[in-house]
Amino acid sequence: MKFFLATLFASAVSSIAVDRLIPGAQIIPESDTRALLRVGGHHDKYHDRRTITIRPSRNDTDDVSRDFLWGIKHANHGGRLLLKKGEKYVIGRKLDLTFLDDIEVQLDGELKFTDDVSYWQENNFYYDFQKSITFWRWGGKDIKIFGTGLLNGNGQRWYNEFAGQEILDPDNEYYRPILFLTENATRISVEGITQLNSPCWTNFFIQSKDVSFDDVYIHAFSTNKSALPKNSDGFDSLNVDGLTVTNTRVDVGDDCFSPKPNTTNIFVQNLLCNNTHGVSMGSIGQYPGVMDIIEHAYIENVTLLNGQNGARLKAWAGQDVGYGRINNITYKNIRIENTDAPVVLDQCYFDIEAAECAQYPSQVNVTNILFENISGTSSGKNGKVVADLVCSPNAVCSDIQLKNINLTSPAGSPPEIVCEGVQGDIGVECQASAD
């Protein structure tokens, strides 16, 4: 009798599991190692898990958003969603994935968003901060995304239609989606994948804790020379504690790494930035009456090539802006080549005339900053100046140190370091701004 009841129960459970499947999907238990290996649902860095597969898209218009959401829900609480190598999965509907708890997503294929601009302009997740929108949002705890695959923002149409516009223009109403966004996420990691052609910022982390990226390649390029990618930052953050980026390469045409307000405990190591606006702290201080901070950052072993800026601190100035501090930041072992402004403190951000900046200076304090072992060349665009540290008269800039700086300029020798309004000895000879 016991055997009969057990058999009946097992049969019922199996029947329920089959009934829950959608066409083209599969649920493989963690004990079935052969089946896991057959589909590629195995990774030596992570233990075997219940693995879910879904059907791939037949073409670039075959939206599998509902299948993807089904797969995420069934992989939640201890499972893994596998997106197979050689397959494409097209997402054409916004997805709220903020319910996650102990899940892995193995991205070995291509996950691609549609470029239906009219749909995404009306259907997205909107955030007031710099009028940000996204295709989807990820949240919850213990989330791992890994693999050898591609997350494709399909940005070319967005580049074409946004050409000549500016994201920070108060009249701008052409909002472009962020490729990957977390909100209220704790312990989320991304490893091994490529992120391609985000319409706007590539990654934006909001109200999250312990975010890590390792061995990721981020690239944004355009096939239209008159419509290049714009605002395609590699990494941005807002209200985040614990942000780590290691062994990563970024080629985007805007900020390589740029934590925004209230980001603390930052660690960056072994980062290569090509054709970017640099590794920036900020910008902060944008919104009237609001206090922002960036604090406790350690940036080490970074290479910056062919860019606008290298190591940069940036804060807003103007009549209606905020205040705050950038504190305890270390840039160490930084190699910079062919870069307009290798080391810069910019407290006249953004797009503000010198007269207005002088009338309404930044109120962001900059303290405990170390630039150590910085070497390479500028582009010569700013003459012989290789470091430009000009502090706002309405802010405190103190304990700023430059050690072992070996930067040269093709504009001539000796290279010049500008410092103005900085309290105390900065460790090297410097001169006042010529402006």
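Just so it is clear, glycine is given a Cβ too, placed from its N, Cα and C backbone atoms.
Per Swiss-Prot, the features are:
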type	residues	note
ACT_SITE	ASP254	active site, proton donor
ACT_SITE	HIS277	active site
DISULFID	CYS256-CYS273	disulfide bond
DISULFID	CYS391-CYS397	disulfide bond
CARBOHYD	ASN59	N-linked glycosylation site
CARBOHYD	ASN184	N-linked glycosylation site
CARBOHYD	ASN224	N-linked glycosylation site
CARBOHYD	ASN262	N-linked glycosylation site
CARBOHYD	ASN274	N-linked glycosylation site
CARBOHYD	ASN301	N-linked glycosylation site
CARBOHYD	ASN328	N-linked glycosylation site
CARBOHYD	ASN365	N-linked glycosylation site
CARBOHYD	ASN373	N-linked glycosylation site
CARBOHYD	ASN406	N-linked glycosylation site
REPEAT	208-239	repeat 'PbH1 1'
REPEAT	240-261	repeat 'PbH1 2'
REPEAT	262-283	repeat 'PbH1 3'
REPEAT	294-315	repeat 'PbH1 4'
REPEAT	326-347	repeat 'PbH1 5'
REPEAT	366-388	repeat 'PbH1 6'
SIGNAL	1-15	signal peptide
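Cβ neighbours within 10 Å of ASN365 (N-linked glycosylation site), excluding its own Cβ and spanning all shown chains: 19. Closest to ASN373 (N-linked glycosylation site) in space, going by CA atoms and restricting to the recorded positions ASN59, ASN184, ASP254, ASN328, CYS397, is ASN328. Here the repeat 'PbH1 3' (262-283) has, by DSSP, the following mix of helix, strand and coil residues: 0 helix, 17 strand, 5 coil.
Using the rule of three or more Cβ pairs under 8 Å, pairs at least 6 apart in sequence, the repeat 'PbH1 4' (294-315) is in contact with the repeat 'PbH1 6' (366-388). Here the CA atom of CYS391 (disulfide bond) lies 23 Å from the CA atom of CYS256 (disulfide bond). Among residues of the same chain six or more beyond the repeat 'PbH1 3' (262-283), those with a C-beta under 8 A of the stretch's C-beta atoms are 234, 237-256, 292-316, 326, 329, 331, 339, 341, 349-350, 364.
Across the repeat 'PbH1 1' (208-239), DSSP helix (H, G, I), strand (E, B) and coil residues number 0 helix, 14 strand, 18 coil. Rounded to a whole number, the C-alpha distance linking ASN328 (N-linked glycosylation site) with ASN365 (N-linked glycosylation site) is 11 angstrom. The two recorded residues, ASN184 (N-linked glycosylation site) and ASN262 (N-linked glycosylation site), have Cα atoms 14 Å apart. In the predicted model, the repeat 'PbH1 2' (240-261) has a mean pLDDT of 99.
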